[in-house]
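As recorded in TrEMBL:
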| type | residues | note |
| --- | --- | --- |
| TRANSMEM | 21-40 | transmembrane segment |
| TRANSMEM | 52-74 | transmembrane segment |
| TRANSMEM | 81-99 | transmembrane segment |
| TRANSMEM | 105-126 | transmembrane segment |
| TRANSMEM | 138-159 | transmembrane segment |
| TRANSMEM | 214-235 | transmembrane segment |
| REGION | 262-281 | region 'Disordered' |
| TRANSMEM | 298-318 | transmembrane segment |
| TRANSMEM | 340-358 | transmembrane segment |
| TRANSMEM | 370-389 | transmembrane segment |
| TRANSMEM | 429-451 | transmembrane segment |
| TRANSMEM | 457-480 | transmembrane segment |
| REGION | 489-510 | region 'Disordered' |
């Protein structure tokens, strides 16, 4: 194997939980990418207007952010985390099954809000649990985790595509003009920003003819093994109530060896007596409580804030670029034909997924800080070249692929880097996930408004500004890292590489 025996042994010891968290993140990706392509068919199903149906986008994104903030409530113990993941992944399957039954746009928005809450919990808990298990070795496993969200995001549009309507799915006397523009409208829809699409006369009354329900039922079946996998993990860890009894969680070989030593292992492995990790890993509200601030230096807060701001910018770039690159391409001066421009968002997400796959082996050989530096510099250089060659259609495609590669590993690398700085004692995962979610939602709305007022060229200018800010915040993060207190020798001795019985080893305890 291309990694060393220590990491390999740790992976084998935690094989089932690791694969389970990866599968749950596949469920997250499956749910995050289906709404864009299917939104017009859902508009027909609910017989709503374009401006009304885009609120469904907003309800999902807002509740995803809310779920990310509150997800830490369920990760104080392993049992709470797994039950939350089971409920969230099952909720996503139920949402897929229920969507075809929603014939009112308000009901659909509520259902998508439930999906958003489930996705937010998955995002926070899965990242945190992998960090807890692998700690200093977590970078490679976080890269794999985010590959699976990309894989799910690629798969759901492919499942939906055969069932999308080629003509307007509400039959009326005024469908001819609108039907010819359906591909353009579909690619131009972004969360709560119909833009200049209001002049298209899409009928709201008439006979509804759409087969998109089959796509959602297929995705519900594809996602169903995920909650089953989480349930089996709960069963293995003796956390299913009817199998709980007096059994204890399964112990690894290292822990069994430590059982023979005269240490306080019994106290650590007894349900309900295991101390919480110092310093947090709670939800965002708990992180803000004053008790977590006592004795903390200003660099503690600075690392949290600058790390979140880097992801605010980079995830915001992902949201705004994927949402508006099509609209930018079809406008002057490029004036790319609609069909060709439609490949740009797919190219962008395809290279994000490819980059995450490549980053899995690369992250083992390269430090997270170095990877983040390469990412933010690459984003900055790519936007600079896109501005210089703004009249070149070929370079737009090359730049889109390049941007996807550089943005692909930013989140998992930044998470691993920040948690490493804080020695896994802060609230980095919750703060970073929340910052990334806010950035993706806010910057997309901001850029949409700027493009509407200033024209399509401002799309690249905004990306360049966000890239510069991301690099600036990363520079501050490195500065605060150098000033942050170094871990004591006692903490080094208790690192996951040297002992398996401390409360941050990632070994499974109730």
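Just so you know, the numbers here start at 1 and follow the chain as drawn.
Glycine too: its Cβ is placed from the backbone N, Cα and C atoms.
TrEMBL does not curate its annotations; it predicts them automatically.
Outside the transmembrane segment (138-159), and at least 6 residues removed from its termini, the chain residues within Cβ reach (under 8 Å) are 3, 7, 11, 18, 21-23, 25-34, 36-37, 126-127, 130-131, 215, 218-219, 222, 346, 349-350, 352-353, 356-357, 359-361, 363-364, 368, 371, 408-409, 411-413, 415-416, 419. Take the transmembrane segment (52-74) and the stretches 81-99, 298-318, 370-389, 429-451, 457-480: counting Cβ pairs under 8 Å, 429-451 has the most. Taking every listed stretch (21-40, 81-99, 340-358, 429-451, 457-480) in turn, the largest tally of C-beta pairs under 8 A with the transmembrane segment (214-235) is reached by 81-99. When Cβ-Cβ distances under 8 Å to the transmembrane segment (298-318) are tallied for each of 105-126, 340-358, 429-451, 457-480, the top count falls to 429-451. Put simply, of 21-40, 81-99, 105-126, the stretch with the most CB pairs closer than 8 A to the transmembrane segment (429-451) is 105-126. Within its own chain, the transmembrane segment (21-40) is flanked in space by residues 53-54, 56-57, 60, 64, 85, 88-89, 92, 95-96, 112, 115, 118-119, 122-123, 126, 129-130, 144-146, 148-157, 159-161, 164-165, 169, 182, 185-186, 189-190, 212, 215-216, 219, 222-223, 225-226, 229-230, 349, which lie at least six positions past its ends and keep a Cβ under 8 Å from the stretch.
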